[in-house]
Amino acid sequence: MSTLVIADIHLQPNQPNHPINIAFKRFLKEKALNAKTLIILGDLFEVWLGDDISLALFESEIAALRQLSEQNVEILLQYGNRDFLMRKSFCKASGAKLLPEEYEIQVADQNIIMVHGDQLCTADQQYQKMRRWFRNSIIQWIFLHLPKSKRLSIGNKMRNESKQAGSHKSGQLMDVTKEGIAALVQRHPSANILVHGHTHKPTHEQLQVNGKNVQRYVLSDWRPQTSYLSINDNHIQVLDFA
Ligand SMILES: [Mn+2]
């Protein structure tokens, strides 16, 4: 039985027939159904404005997750930089369990550390400052208590602004840094494999981090390459879901 890992699907709200939303639902039925565990490393949803709004906007995708969890596939999910306001109602409706920001698992003799990846982009200080602000529990509480119409308009505004910010920031500024990776690996001394998403630059490489060999896998965002990671007893593979 395998563990499958995906990230950055960016499901589109209120668009059950969007090609990405359809591909995701097919992936659950055709691939994840045969797995023991499905791990989603953040940004499954394009945006999440609170369970009271977004559960209805992703109704068919939540139902598909629920169906999978009812077939005894464990669903584990990390927050991304666009979807970090899922709460108990989301977990209840989908059957998914929320993971900590840094999730370490051991498979055979490998220690794998998994993160969304935005916390590794330490060169972009403006972004990191904003991230700390949005992850503050008081700020989140206030946001979640705003009227629905207000949250929907803030969500639209943020999406437009992040598109614009992304278009004039350099690719390097928005990528992970050596320092970010080194600090993470230092916090997880036994980890020898790092898996993350966020940058939408799929790769598999060998790194020297703090004098030790670390393999780094970056997951794709399914645009267009629909790859995922499959972890078995003792081997890790990047597979493509066409
Ligand atoms: Mn992201």
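Heads up, the Cβ atoms here are built off N, Cα and C, so glycines get one too.
What TrEMBL lists as domain 'Calcineurin-like phosphoesterase' is 1-202. According to TrEMBL, the Mn(2+) 1 binding site annotation covers Asp8, His10, Asp43, His200. For Asp43, Asn81, His116, His198, the entry in TrEMBL reads Mn(2+) 2 binding site. Positions annotated as substrate binding site by TrEMBL: Asn81, Arg82, Asp124, Ser162, Lys169, His198.
By neighbour count, meaning other C-beta atoms within 10 Å, the densest spot among the binding-site residues Asn81, Ser162 is Asn81.
Proximity to ligand 1 (Cβ under 6 Å from any of its atoms) holds for these binding-site residues out of Asn81, Asp124, His198, His200: Asn81, His198.
The binding-site residues listed here (His116, Asp124, Ser162, Lys169, His198) include His116, His198 as those with a Cα within 10 A of the Cα of Asp43 (Mn(2+) 1 binding site). Ranking the binding-site residues His10, His198, His200 by other CB atoms within 10 A of the CB puts His200 at the bottom. Long-range Cβ neighbours of Arg82 (substrate binding site) (same chain, at least 6 residues apart, Cβ-Cβ under 8 Å): His10, Asp43, Phe45, Glu46, Val47, Trp48. Mean pLDDT, taken over the domain 'Calcineurin-like phosphoesterase' (1-202), works out to 95 on the 0 to 100 scale.
Cβ neighbour count for Asp124 (substrate binding site): 19 (other Cβ atoms within 10 Å of its Cβ, all protein chains included). Highest local Cβ density among the binding-site residues His116, Lys169 belongs to His116, counted as other Cβ atoms within 10 Å over all protein chains shown. The local packing around Asp8 (Mn(2+) 1 binding site), expressed as other Cβ atoms within 10 Å of its Cβ over all shown chains, amounts to 26. Within 10 Å of Asp8 (Mn(2+) 1 binding site), as judged by C-alpha distances, the binding-site residues found are His116; the full candidate list was His116, Ser162, Lys169. Rounded to a whole number, the distance between the Cα atoms of Asn81 (Mn(2+) 2 binding site) and Lys169 (substrate binding site) is 17 Å.
The local packing around Asp43 (Mn(2+) 1 binding site), expressed as other Cβ atoms within 10 Å of its Cβ over all shown chains, amounts to 27.
Per Cα geometry, His116 is the residue among the binding-site residues Asn81, His116, Asp124, Ser162 nearest to His200 (Mn(2+) 1 binding site). His116 (Mn(2+) 2 binding site) sits 16 Å from Asp124 (substrate binding site), taking the Cα positions as reference.
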